[in-house]
Amino acid sequence: MSNNKSKTMGSTVLSNCCGFSLKHGTIIIGVIQSIFAFMSLILTAAYAEHPHELIQMSDPSVVPKLEVLRVILIIIAVASALQCIFSICLIFGAELNKPSLLTPYLVINPLALFVYIVTTLIAIIHHTGENNAPFIIGHIAISCIVSLIVIYKFLTVYSFRHQLKSLNF
């Protein structure tokens, strides 16, 4: 078996996270993700209040109507707030060895990844045209990298939760 994976009950689980223990890796993931979620919450809330500023920075041909943009920004702000709350729960769950506090993170992240992949595919389909190859290739490359990072974070938290469950926490 490799150093990073162990075979347990038919499923492959990570044994560490980038050289850190699963507990510390989970805490680091929670801290970084809560910072990014909070930053996203602040930015989307500010732009939801003044969406015309976002339109001025973008190509007007690809920006939806002002009301639609405001609704999208509010949805993203609410999702960011939930992500921030669940990331803080992740930190406390890892610190207090409470697997139940890790569960919301394990539920929302696959859903968020699915939504991310779907919206990326919609953007690629929407921009399919003659001179959009760099845009499409860039979106595919970035979405693959983001997806792999999210999957690794998910596996780390799942492995830590599995470890806690096996220790009867």
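Cβ atoms are placed via backbone N, Cα and C, with glycine included.
The feature transmembrane segment is assigned by TrEMBL to 27-48 (among others).
Among the features that TrEMBL reports, transmembrane segment is placed at 68-93 (among others).
According to TrEMBL, the transmembrane segment annotation covers 105-127 (among others). Remote same-chain residues near the transmembrane segment (105-127) are listed as 30, 62, 79, 82-83, 86-87, 89-90, 93, 135-136, 139-140, 143, 146-147, 150-151, 153-154, 157-158, 161 (criterion: CB distance under 8 Å, separation of at least six residues from the stretch ends).
The list of residues near the transmembrane segment (133-155) in space but at least 6 beyond its ends in sequence, with Cβ under 8 angstroms from a Cβ of it, reads 13-14, 29, 33, 106, 109-110, 112-113, 116-117, 120, 123-124, 127. According to TrEMBL, the transmembrane segment annotation covers 133-155 (among others).
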